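Here is what TrEMBL says about this protein:
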- Cys37, Cys40, His41, Met80: heme c 1 binding site (BINDING)
- Cys165, Cys168, His169, Met212: heme c 2 binding site (BINDING)
- 25-103: domain 'Cytochrome c' (DOMAIN)
- 144-235: domain 'Cytochrome c' (DOMAIN)
- 1-23: signal peptide (SIGNAL)
Amino acid sequence: MKKSLMAVSVSFALLNMSCIAQAAGDIKAGKAKSGTCASCHGENGNSMMPLFPKLAAQNVGYLVRQMHAFKDGTRSDPTMGAMVSGLSDQDMQDIAAFYSAQKVSKNALPQINPDDLDEIDDNDALTADEKTAAKQALQDQQKARVAMGYDVYRNGDLENEISACIACHGPEGEGNEPAAFPALRGQHADYLMKTLTDFKTDVRSNNPDNMMHMIAKKMTEEEIKAMSYYVSVMK
């Protein structure tokens, strides 16, 4: 079991706490304005596509900050840049208020790679019982990843100087609204893995004080996958 990093990482939660006061968003207006977002993010912010993030129940401050980042180019994405280019500050507040008020959908445990299952089925050297056992081993590996992700999320990794995610993203993955730290619970595992990998490889650059860069660069591929699996099934 990894040693807890709560004492070390709690300081991160105190950073970037000042937020500029903005007009409150209107949920009803936000629903009307979010129509073009639905094709990728779902009608109520629960995207059905694993590489497109769920926006439901996301913190308003985080959503507004990301829309501004797409608009001013500090976060690069051609599609999102075009989508937000015509939005006013009030539009962003309204859209964020709408999505924040929605309930995030639950995820099942990420599925085993079908190619791995096919490889077992196509292996004529294995008996039927051995194939069943091999498939069960893959299922057990998935569950073990979730357990590892629980440990990384809540305790971090003191030896490798990886901060506990709980310090900024909360015990239930609810995030931190005043600091505009995002809610993570129920997010797609594939999207989380991509995001952490983008931070690790400097593909994504917009984050306060480079916190996520510093953390993600120290995470192994397996830790990224494990943490993403765990967060995706948080309730």
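Cβ atoms are placed via backbone N, Cα and C, with glycine included.
Annotations in TrEMBL come from automatic prediction, not curation.
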Per-residue pLDDT averaged over the domain 'Cytochrome c' (144-235), given as an integer = 96
Cβ-centroid neighbours of heme c 1 site Cys37, Cys40, His41, Met80, 8 Å, sequence order | Thr36, Ala38, Ser39, Ser47, Phe52, Leu55, Thr79, Met83
Length of the line joining the Cα atoms of His41 (heme c 1 binding site) and Cys165 (heme c 2 binding site), in Å = 25
Give the residue counts of the domain 'Cytochrome c' (25-103) per reduced DSSP state, in the order helix, strand, coil.
-> 46 helix, 0 strand, 33 coil
Per-state residue totals over the domain 'Cytochrome c' (144-235) - DSSP helix, strand, coil = 49 helix, 4 strand, 39 coil
Binding-site residues compared (Cys37, Cys40, Cys165, Cys168, Met212) - the one with the fewest other Cβ atoms within 10 Å = Cys40
Quick note, Cys165 (heme c 2 binding site) and Met80 (heme c 1 binding site): C-alpha atoms separated, nearest Å, by 27
Are any of Cys37, Cys40, Met80 (the binding-site residues) within 10 Å of His169 (heme c 2 binding site) when you go C-alpha to C-alpha, and if so which?
-> none
Between Cys168 (heme c 2 binding site) and Cys40 (heme c 1 binding site), how far is it from one CA atom to the other, in Å?
-> 27
Taking only the CA atoms, the spacing between Met80 (heme c 1 binding site) and Met212 (heme c 2 binding site), expressed in whole angstrom, is 21
Distance from Met212 (heme c 2 binding site) back to Cys37 (heme c 1 binding site), taken between C-alpha atoms, in Å | 26
How long is the line from the C-alpha of Met212 (heme c 2 binding site) to the C-alpha of Cys40 (heme c 1 binding site), rounded to the nearest angstrom?
-> 25
Max CA-CA distance, Å, over listed heme c 1-binding residues Cys37, Cys40, His41, Met80 | 12
